[in-house]
Every structure is written in C-alpha cells, then in structure tokens.
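Annotation source Swiss-Prot lists signal peptide at 1-23, citing sequence analysis. The N-linked glycosylation site annotation in Swiss-Prot covers N27, N59, N105, N120, N207, N230, N339, N352, N376, N388 and is backed by sequence analysis. Positions annotated as disulfide bond by Swiss-Prot: C31-C40, C71-C414, C215-C465, C264-C282, C436-C444. Residues or ranges marked as 1D-myo-inositol hexakisphosphate binding site in Swiss-Prot: Q50, Y51, R81, H82, R85, T88, R165, K301, H361, D362. Residues annotated as active site, nucleophile in Swiss-Prot, with similarity to another entry given as evidence: H82.
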Amino acid sequence: MGVSAVLLPLYLLAGVTSGLAVPASRNQSTCDTVDQGYQCFSETSHLWGQYAPFFSLANESAISPDVPAGCRVTFAQVLSRHGARYPTESKGKKYSALIEEIQQNVTTFDGKYAFLKTYNYSLGADDLTPFGEQELVNSGIKFYQRYESLTRNIIPFIRSSGSSRVIASGEKFIEGFQSTKLKDPRAQPGQSSPKIDVVISEASSSNNTLDPGTCTVFEDSELADTVEANFTATFAPSIRQRLENDLSGVTLTDTEVTYLMDMCSFDTISTSTVDTKLSPFCDLFTHDEWIHYDYLQSLKKYYGHGAGNPLGPTQGVGYANELIARLTHSPVHDDTSSNHTLDSNPATFPLNSTLYADFSHDNGIISILFALGLYNGTKPLSTTTVENITQTDGFSSAWTVPFASRLYVEMMQCQAEQEPLVRVLVNDRVVPLHGCPIDALGRCTRDSFVRGLSFARSGGDWAECSA
C-alpha cells in the first residue's frame, strides 16, 4: 500500500513566515468575529449544515469552555476543517446547468425570483473563498490567544491533508497565529514562525489518518445516498411544486431543489458582502424548509461517515490512535489508516511536543469524532422525521463540521489532582467524554480517557474493510 508525504520547505511559506501583520479583515462586522465566528443571519446561516461558516457554540455549552480555575493547560491539539470554499468542480457544473435551464425555460421572473433572470453563475471551484481564508486567519488568532501560556513559548507541529484548500487553510491559520505572537510583548522573542511540517497525500492508495480512503468496503457504501434520497423525498416535493408554479415553464427534480438551497450558502460566502447581505437564493425558502435542509445534511454525515454507517467510526480510528500517542508520548500503535513511515519518524510525528494543529476535510473529521466516542450518546438519527439538537445529543453537521470547524483536545494539570485531565471542545462546546468516568466539567483523567478508547486501540472494525 503506497504512502506519500511532502515536507514543505520554508520558502513555500514565505508569505506566512515574514512576520507581516494580519491583513485587515474584509469586514469589522460585529456579526463576524474572531471569538464568536459567523453570527450573521443566524436563523438561516446556522442551518446550512456543513456549508455553514464556523459559529461558536460557547453559548450552547452546558459547561463553560473557559479553562477551569486552578488548572493550567499542558497540551493542546486542534483538528480543523478547511475554511469556506467555492463549490466543487462537479457540483458547480450542476449548479450552473440548472440555473441555465431555468433561464432558458421560464417565461416570467417576478418578485423574489427576479434575480434569476440575469444571474450569472461565475463562482470558482474547490478553492477557499476570501471569506474562507479569513476564517482560518481568525482561527489561528483564537488558538494563539486561547492557549497563550503555551503558544508564547512553543511552535506548534502542523500537518495538513494534501488538498490545496486544506494546505491553504493551514497557511492562513499560521498567518493569524504568528501575527498575534509578534504583537504579544510576553511572547518568547526570536522564535521562527510555525510551518506546515507534513502534508499527507490524498492519493487513493495512501494511508492518511486525516482523510482515510483505503477501506474498500466503506468507500463502496451507498447507505448515505439511500438515506439522502429517502429523506429528500419527505420535504422537497412540496418545494418543487411551489417553484414550478412560480417559475412557469421549468420542471425540477427533488435533487435540484436541494441544489438551489446549496446556492444560498455558496453564493453568500463567495461575495464581499458576506456579513451584510444574504444571497437572494436564500429567500426562495422558508425557515421550516431550512430546518429540513439542515437535518438532511446531518443525515448524510451520520449515515455516511458517522455511527449510522457500520464502518464510519472505524475510518477515524487511525487518528484516535495518533492522539493517544501524542497524549502519552508513546509510539503509535495502529494498523488501520496510519502511515507507518511518517508515524515512526520523530521528524514527521514528534512525540515530545505539547502543541499540535492538523487540517483536513469534514468527512474525515466526522469519523474521528465518532471514533473518539464523543457522540456515543446520540441514538440512530430518524431517517423520516426531523430531530432537534437535544434529541440528537448535540450532533448535527452544522454543529460539528461547518467550514473552519475546530476540535480542541486539551490536557490540563489542576490543583489537588495528581493525574492530568483531558477534555474535548467541538466549536467551543465542551462535549462530555464517554467511556471513562467524567467529573462535573466533562473531563476524564488521561489514563482513563485512553482506556476508554478501546474501540480505537483495538483497530475498530478495520478487518471488515476488505471483506
């Protein structure tokens, strides 16, 4: 099985190692900030599933996300999704063709549909939008400030999955991190900027814990597609009928209804007015329809890469075992998606650091969240009826893997506690751990946390990948 990685030379990151200050944000809007993320038009934008921009869940956390009094963080790990992007090339072609079809067949564009008559699909493909770049700058700033007792004196070890938008996200994170450090009078002087230390290939034959792709049975699964089609059929037909009535001359499919809903997010995050103006696509749908759309995205993630798929959590086992190695300063023990060449080399997988940052995609992160058992309290999601966030025990695609999402794993030493404690935050929401005895703040001792990851330590169900 092939393995591949690229060690990035410093000159490739010259733009983020030169000590330049962070460029002024596209906006200084109070609804889009470093601490709270994207709170603009939240009644709609927070219902875009994985196409939602990062928004902080600190106010949704039953446990304060602040570092508890009497404790000091001794280890911090962030796992981040890339920032807001343009549609993928394949989806973009479908969106463009649909809009062209509407324009060619509809005779009258009235009211809220008027914009469609002259709308020109000109979005990019695959890469980060300027807004998405700023999301990661902000993420780097926030990470530095949150863990400043460590970041002032330590250079984080950084890995990225091999997609260009993921690498660019890591670079923008570094930009925010380093510019904040340079302005901190208490930071250790003379330290070099962080860099992306390892890029892991996304080739289909490569072992990659950030973006697994070598479990054949899992890759061939069509479960999520079936669930998606069935749930779409519960809410899209009524929307389709309304659109066809209002846009006389066009015939749509249920899937094309969801494409038009996708355009609400993509058209919004691709503009310079992202903080002041929603795309006109958004107004074509009601609040209840957005609730259904958001739940559809959650179903796709849960049954595609989460516990709803028999091999979903197993895809995250390799990363979970790497996390165990980092927390315990011991070699990686894993025979699933880990890259033995990289993980056995201190240059590409050091065990003596206390600050780590990894960058990846939404699907891989979903599997990792479930491999860590963070949503063991989530019962199988209904495939016919919308369930609210309480019923799903805090799981939704928008709450877990929006653009620029971030998982923080913290280890802390606290007064009157001999053993270090571990806790996890997902987008600033403390997620009480499962599989180990937790305290009132959702934490476990490090050793009990590791013992609780027995699913990962035993390799999950990887043996079934080639069944």
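Indices start at 1 and increase along the chain as displayed.
Heads up, the Cβ atoms here are built off N, Cα and C, so glycines get one too.
Features per Swiss-Prot, on structure.
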{"residue": "C40", "record": "disulfide bond", "Cβ contacts under 8 Å, 6 or more apart": "S29, C31, D32, V274, D275, T276"}
{"residue": "R81", "record": "1D-myo-inositol hexakisphosphate binding site", "Cβ contacts under 8 Å, 6 or more apart": "S169, F359, S360, H361, D362, I365, V401, P402, F403, A404, S405, R406"}
{"residue": "R85", "record": "1D-myo-inositol hexakisphosphate binding site", "Cβ contacts under 8 Å, 6 or more apart": "D126, D127, L128, T129, G132, R165, F403"}
{"residue": "C215", "record": "disulfide bond", "Cβ contacts under 8 Å, 6 or more apart": "L311, T314, Q315, S337, W462, C465"}
{"residue": "N230", "record": "N-linked glycosylation site", "Cβ contacts under 8 Å, 6 or more apart": "T383, T384"}
{"residue": "N388", "record": "N-linked glycosylation site", "Cβ contacts under 8 Å, 6 or more apart": "none"}
{"residue": "C436", "record": "disulfide bond", "Cβ contacts under 8 Å, 6 or more apart": "C444, T445, S448, F449, R451, G452"}
Completion exercise
Here the recorded positions are N105, C264, N352, and the Cα closest to that of H82 (active site, nucleophile) is found at C264
Practice task
Could you measure the widest C-alpha to C-alpha distance across Q50, Y51, R81, H82, R85, T88, R165, K301, H361, D362, the residues recorded as binding 1D-myo-inositol hexakisphosphate, and give it to a whole number of angstrom?
Solution key: 20
Exercise for the section: Taking only the Cα atoms, work out how far C264 (disulfide bond) lies from C414 (disulfide bond), in Å, as a whole number. Expected result: 46
Completion exercise
Students should find that the Cβ of C282 (disulfide bond) has, within 10 Å, a number of other Cβ atoms equal to 20
Handout entry: Close recorded positions near N105 (N-linked glycosylation site), where close means Cα within 10 Å, chosen from N120, C282, N339, N352, C414
Key = none
Practice task
Could you tally the C-beta atoms, other than its own, that fall within 10 angstroms of the C-beta of N105 (N-linked glycosylation site)?
Solution key: 12
Fill in the blank from the handout: For N376 (N-linked glycosylation site) and Q50 (1D-myo-inositol hexakisphosphate binding site), the CA-to-CA distance in whole Å is 21
Exercise for the section: Determine, to the nearest whole angstrom, how far the Cα atom of C414 (disulfide bond) is from the Cα atom of N352 (N-linked glycosylation site). Expected result: 21
Practice task
Calculate the distance in Å between the alpha carbons (Cα) of C282 (disulfide bond) and Q50 (1D-myo-inositol hexakisphosphate binding site), and round it to a whole number.
Solution key: 16
Exercise for the section: Starting from each candidate's C-beta and looking 10 angstroms out, tell me which of the recorded positions Q50, N59, N352 has the most other C-beta atoms. Expected result: Q50
Practice task
Go through H82, R165, H361, our recorded positions, and report the one whose Cβ sees the most other Cβ atoms within 10 Å.
Solution key: H82
Problem - Assigned conformation of C31 (disulfide bond) - DSSP reduced to three states - result: coil
Fill in the blank from the handout: recorded positions Q50, C71, N120, N207, N352 vs N339 (N-linked glycosylation site), shortest C-alpha separation belongs to N207
Fill in the blank from the handout: Within 10 A of the CB of C71 (disulfide bond), the number of other CB atoms across every chain shown is 19
Practice task
Using Cβ-Cβ distances, find the residues under 8 Å from N120 (N-linked glycosylation site) that belong to the same chain and are at least 6 apart in sequence, listing them in sequence order.
Solution key: none
Problem - CB contacts for N376 (N-linked glycosylation site) [other CB atoms within 10 A, all chains] - result: 15
